[in-house]
Amino acid sequence: MKSSEIRQQFLDFFASKGHQIVSSSSLVPHEDPTLLFTNAGMNQFKDVFLGFDKRPYSRATTSQKCVRAGGKHNDLENVGYTARHHTFFEMLGNFSFGDYFKRDAIKYAWELLTEVYKLPKDKLTVTVYAEDDEAYDIWTKEIGVPVERVIRIGDNKGARYASDNFWMMGDTGPCGPCTEIFYDHGEKYWGGPPGSPEEDGDRFIEIWNNVFMQFNRDEAGVMHPLPKPSVDTGMGLERVSAVLQGVHANYEIDLFQALLKAAARETSDADLDSPSLKVLADHIRACSFLLADGVIPGNEGRGYVLRRIIRRAIRHGYKLGARAAFFHKMVPDLVAEMGMAYPELGQNQAKIVATLKQEEDRFFETIEHGMAILEGELKSLGEGGVFNGDTAFKLHDTYGFPLDLTQDICREHKITVDAAAFDAAMARQKEQARAAGKFKMATNLEYDGPATTFHGYAALEYKANVLALYKDGIAVNQLNEGEMGVVVLDDTPFYAESGGQVGDCGALQSVHGIFAVEDTQKIQATVFGHHGVVKTGTITVGNGVAAKVDVQARQRIMRNHSATHLLHKALREVLGDHVQQKGSQVDPDKTRFDFVHNQPMTDEEIRRVENIVNAEILANVATETRVLPIAEAQKLGAMMLFGEKYGDDVRVLDIGSSRELCGGTHVSRTGDIGLFSITAEGGVAAGVRRVEAVTGDNALAYMQDMESALGGVAGTLKVLPKDVHGRVLAVLDQVKKLERELAALKGKLASAQGDDMLSNAVDIKGAKVLAATLEGADVNALRETMDKLKDKLKSAAIVLASVADGKVTLIAGVTADLTGKVKAGELVNLVAQQIGGKGGGRPDMAQAGGTQPENLPAALASVAGWVEGKL
């Protein structure tokens, strides 16, 4: 049975049991700072389990894309060397949100494994938490698993409830026992059943974990029964495929065999058991799926983890003999294997290939030199040695070797890296200069009251009641005049920062005082915090207030946000469908839009984008918003952003020819935007460009400033504004002509001075020594004069100097017959050190500079004596 069939049978089975099939979420968790990447099927349902989110279904099933590389869950160093470690894997899961519990979960699991997948019952062993008698009885008395194959696992990790069979989301919150199902590969493999001293062997392999969330753990560690217990299960597709396909290692399943052959093809290595080929087969999946989900290689965060994975793959290809980009050529093989289940692979294939090749080309420029340094250090160390941390940092900083790549290579030689010294070197280089924003505080305030109802789509003023107040992150009953704090209301017209749109500002007014709102942020998904300061009087919990949004600021934000949607559509039209939003910031002054594109935009492309957006504005069409089921929105072709987390019902915005999912605030007609102008375009990361633009009155002011500046230049040049460009080109041509003439004159002057200097050359032991200053000579003139003097003097050591703007330029030259004794680099440094400078170069020609021209005469006078000592 193929892996694709196993995946589909799993989903179909649970659909037949009343489960909603939910698409895999992005590998980039949305609004969850605790996760670097999605690493389990339950991630997208976390808020449902915590009670912050509700779904229209109580049963769900998924095949979830997962990555474990970087952060707490990091399998990277083991990938390729073990049978079951991967950076990317698929997690099959079924979930109950307060619906069925242990009995049905266990029955479903057993039915699927033994009746649908037809696994032999005597090959399956299960574990339960030692105190979970309910699960134990279900397995033994209802399912009929022999008691010797139902193993109780207690607290085996050093603390109460610290067990392989007790799952906790965190130190507090939902938790509960779990039951795990193991497959016995047979006596030909070493290892014992779970709970035995030999449990880490390869005989008994866990294939499915069923977590029963039945408690809420408080800060004191007390377990309180949940009113609606839930179920969260996870089964690795790769592991169960290995079992069903009759192989022992995951790399032997159909999914990996095709990729191993692709890796062998691109590296000319026929050994499909090679750990390096396994690394490539694994890493092409992680890299391609991360790129498809919008992650871009970079130097921090998710982008840096992706770059580390790519470079680890390149290094293993290099180890197999690859000396040029090869890794990207495996992408079509992956798309052929998994593109049907995950269409985003095919949709983004061109971008994935281009980005990988760009990363490969960059690393192949430095890997050879880096490997030479690394291997040279390894040769000096014996087994058990310690690799120098400063050298590891040099490899990282100069040659692009991530630390774990160096550690990976050293591990193959049984050598460790001095990570502490590496960290110290890194710390010395970095300057920590991150200043938190004045009001970027208290998004983690403790609040358990009612949610905030948002009315800001239709109203900019609304009567509300104060539910809670915070000062310095602590709940208070009252804020007094001059005090900064956060206000929570039951109703609000203020938009809380989200989706790139900044939070609203304005005021909360009551008979007791005025609170100036300077920012609005989400405390929780549906609770808004109004950040600001009490301007007059007081504000107290329970007060009724008039919440008033700053109308001018909101209107500017709406113009900029609506223009951003039109900009996104125009960029895709002009540059291509590979353009994807990577980030945005919409505030009253401007819009900033980051997008995927591998090269700078031309002036013509910028002009075309502006024209498209302004044409939409002139059309003055009405905008339309609708709340639709996400499946219907997808059918309508609404653009969705990678990494965003969407609910089952979404807000669809139609503006001009653009259709996107968006929860922000927008103009009612495109004409309300007024005017659109791009003010800047540039790169922010590899493969990511940034456009900044202004709208409305800000765009008009920008145009007027540009017109004023152009008028000033036209006046200076004494031409009409329309003729400025041609006149500037003519002036530049004239400047270049004059510069050439000046250089020629300087050369003639220097040459003449050089001829005059010949008589000043001193004869020392048969060689001529000359040290002199040439007035008004630039570097080129000095070099030309040096060549002529060396040619005429035949055997000589010469230093020429020139002074301009308080700085000294030095050139030293030595004829070939003297370089064995007199080095030009040493000679030029002799003089440079005396005038506050330094330099270097070849034995026959060297250059330096200095900042103390007053010391130049004495420095030049020292040349003859120094040369005599060398001869």
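A Cβ is built for glycine as well, from the same backbone N, Cα and C atoms used for every other residue.
Source: prediction; values computed, not measured.
Going by Swiss-Prot, these are the annotated features:
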- H561, H565, C662, H666: Zn(2+) binding site (BINDING)
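Apart from H561, H565, C662, H666, the Zn(2+) site neighbourhood in this chain, defined by C-beta within 8 angstroms of the site C-beta centre, holds M558, S562, T564, L653, I655, E660, G664, T665. Long-range Cβ contacts of H565 (Zn(2+) binding site) within its own chain (separation 6+, distance under 8 Å): L653, I655, G656, S658, E660, C662, H666. The binding-site residues under consideration are H561, H666. Their Cβ neighbour counts within 10 Å are lowest for H666. The number of other CB atoms found within 10 A of the CB of C662 (Zn(2+) binding site), across every protein chain shown, is 26.
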